[in-house]
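*Asks:* I have a structure here, written as structure tokens, and I will follow up with some questions on it.
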Amino acid sequence: MPRFAANLSMMFNEHAFLDRFAAAAAAGFPAVEFLFPYDFPAETVAERAAAAGIEIALFNLPPGDWAKGERGLAALEGRSEEFRAGVATALRYAEALGVPRLHMMAGNADRRDAAAATRYRDALAHAADAAGAAGRDLVIEPINPRDMPGYFLNDFDYAAELIGELGRPNLKLQFDVYHRQVMRGDVLKGLEAMMPIIGHVQIASVPKRNEPGTGELDDFRIFGTLDALGYAGHVGCEYRPAGETVAGLGWLARAGRRD
Ligand SMILES: O=C(O)C(=O)[C@H](O)CO
Ligand SMILES: [Mg+2]
């Protein structure tokens, strides 16, 4: 069975953010992930995770003004100073929280715009190098245009090409099964082909983005494939519980039973 990480931005929303670490641990998760820790001092988040005895698998670099619709700064014009400050902040949190990898969101920009593509590439090289010097991985994630219209990184092959071209060993792909299925399908072959560059996996049912096992894919077969491919990283459970979080965890018990 893969190492599941509860996504605290979507799951356990019955509790205040800082109480979600203990809730996830009590529900049997060995790890968590979330969008952003920046509303709280790093030390406070670290204390809550340590008290719960739970590992933090991943969080994102500061995204710009999320409430105003910004979804990362990397490809945006005139924001490189803010982007670089965000990389430093994220690495400070990663150190305090003992987090091995960070997700760099791209921002809303047109991938066919050569200037935006150059900005994105430069930002990626900078963030990967800074993360590498700090002993951390950096991951990038193609996101489907239905959920995030206008998002720059909306193609798996483009992401893989960039990772290859930049050639940083700590720069990897975040393979979100939900986005892959919405954009392209061919999930099992995609996992197989991209496994050498995959640094993090996320899962949710398609199309509702609820619990695994409730959508159009055989999510349990996907878990088996990840095991068969030797994937040793985390699988982030980035889904919106259809009801109460713990009541919907039957899929986790089933994944453990492998039936
Ligand atoms: O949207 C997703 O799938 C993500 O993983 C991002 O981190 C947040 O939008
Ligand atoms: Mg995702």
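Note: Cβ is positioned from N, Cα and C throughout, glycine not excepted.
Heads up, here are the entries from TrEMBL:
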{"type": "DOMAIN", "residues": "21-254", "note": "domain 'Xylose isomerase-like TIM barrel'"}
{"type": "ACT_SITE", "residues": "Glu141", "note": "active site, proton donor/acceptor"}
{"type": "ACT_SITE", "residues": "Glu238", "note": "active site, proton donor/acceptor"}
*Asks:* Glu141, Glu238: which of these active-site residues has the highest Cβ count within 10 Å of its own Cβ?
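*Replies:* That would be Glu238, with the highest Cβ count within 10 Å.
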*Asks:* From the Cα of Glu141 (active site, proton donor/acceptor) across to the Cα of Glu238 (active site, proton donor/acceptor), what is the distance in angstrom?
*Replies:* 13
